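S.K.: Not my notes, these are from Swiss-Prot:
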- CYS131: active site, acyl-thioester intermediate (ACT_SITE)
- SER13, GLY14, ASN15, ILE16, SER162, ALA163, GLY164, PRO165, GLY166, THR167, ARG168, ALA169, ASN170, ASN290: NAD(+) binding site (BINDING)
Amino acid sequence: MSSTRIPVAIIGSGNIGTDLMIKILRCSDTLEVGAMVGIDPASDGLARAERLGVPTTAGGIDGLLALPNFKEIRIAFDATSAGAHKVHDSKLRAHGVRIIDLTPAAVGPYVVPVVNFAEHAHEPNLNMVTCGGQATIPIVHAVAGVAPVHYAEIVAAISSKSAGPGTRANIDEFTETTSRAIVEVGGAARGKAIIVLNPAEPPLIMRDTVYCFVPLDADTQAIVDAVEQRVAEVNRYVPGYRLKQHVQFEHFTENNRQNIPGLGWSTGIKVAVYLEVEGAGHYLPAYAGNLDIMTSAALTVAERIAQAQFTDQGL
């Protein structure tokens, strides 16, 4: 074990797990990959890990527990499935391993690094919401810091090629989880999430649209400033995250009320924020910004945990 880096395990040797491994190996001064865990001995992720000198096992969670260096593992990323995660959580907690959950299981609290990491820094299990949540909840939260958000709706459009079998099987979980997090983390009174799989060729990078409905007397310039500042904050750990165009406003008065879900015909201002997320291309293609923002956010959370908890303890 390195004297300056905290060993982590990555459970799930698919696209997300492999991208996480490459990110840590190339970019992290705080973490080292202590194990890559899969269930398919022929997976590309396990093969790459072996070539890079990372300890591997195709024995799943029990294979991880049996590795000679398991006792050194402090943090585990779970990039498998919601069902498997519940089993992994119980076994890892018994050994005091902190867990960063990239599945829809949501055993622990939702975490978006720029919004609420500090509130949950010492929780044993942190859930990374969804790719759409990581891209859009920071914006909802920024707007909510300026004016009450009566309703927020997000549309995440991703390339079909970046949506693997896990994503396709969990569409309902994506919308439900993201909708809840828009309210619980973003601060909106009501929330709705929509995901669109775009089959266009060549594949398009991730696009996200955020709509927030706020009171007519909201300070629109303050909203613009808050959104631009928040985009810059997310961009620090997701370099491909950016505004696609200027923040837009549409006013609805007594003469042209807008029908808002759960509210009915209402007066207010519709705030529209258009984003795009380009992947860093560490392992995944650049158009897979939806996957890249998840791995980048998870890496950021793990590094903050390592710096705050383990480095200070000299572990």
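Using N, Cα and C of the backbone, Cβ positions are placed for all residues, glycine too.
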S.K.: What is the biggest Cα to Cα gap, in Å, among SER13, GLY14, ASN15, ILE16, SER162, ALA163, GLY164, PRO165, GLY166, THR167, ARG168, ALA169, ASN170, ASN290, the residues listed as binding NAD(+)?
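M.R.: This binding site's residues have a maximal Cα-Cα distance of 18 Å.
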S.K.: Count the Cβ atoms, other than its own, that fall within 10 Å of the Cβ of ASN170 (NAD(+) binding site), considering every protein chain shown.
M.R.: 19
S.K.: Have a look at the binding-site residues (GLY164, GLY166) and report the one with the fewest Cβ neighbours inside 10 Å.
M.R.: GLY164
S.K.: Provide the number of Cβ atoms within 10 Å of the Cβ of SER162 (NAD(+) binding site), excluding the reference atom itself.
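M.R.: 24, counting other Cβ atoms within 10 Å of SER162 (NAD(+) binding site).
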S.K.: How long is the line from the C-alpha of SER13 (NAD(+) binding site) to the C-alpha of the residue listed as 'active site, acyl-thioester intermediate', rounded to the nearest angstrom?
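M.R.: Cα-Cα distance, SER13 (NAD(+) binding site) to the residue listed as 'active site, acyl-thioester intermediate': 18 Å.
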S.K.: Taking the Cβ of the residue listed as 'active site, acyl-thioester intermediate' as the reference point, list residues of the same chain whose Cβ is under 8 angstroms away and which are at least six residues distant in sequence.
M.R.: ALA156, ILE158, MET206, ASN290, LEU291, ILE293, MET294
S.K.: Could you list the residues of the same chain, at least six apart in sequence, whose Cβ is under 8 A from the Cβ of ARG168 (NAD(+) binding site)?
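M.R.: For ARG168 (NAD(+) binding site), the qualifying residues are LEU197.
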S.K.: CB neighbours of SER13 (NAD(+) binding site) within 10 A?
M.R.: 27
S.K.: Please work out the number of neighbouring Cβ atoms within 10 Å of the Cβ of ASN15 (NAD(+) binding site), leaving out its own Cβ.
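M.R.: Excluding its own Cβ, ASN15 (NAD(+) binding site) sees 21 Cβ atoms within 10 Å.
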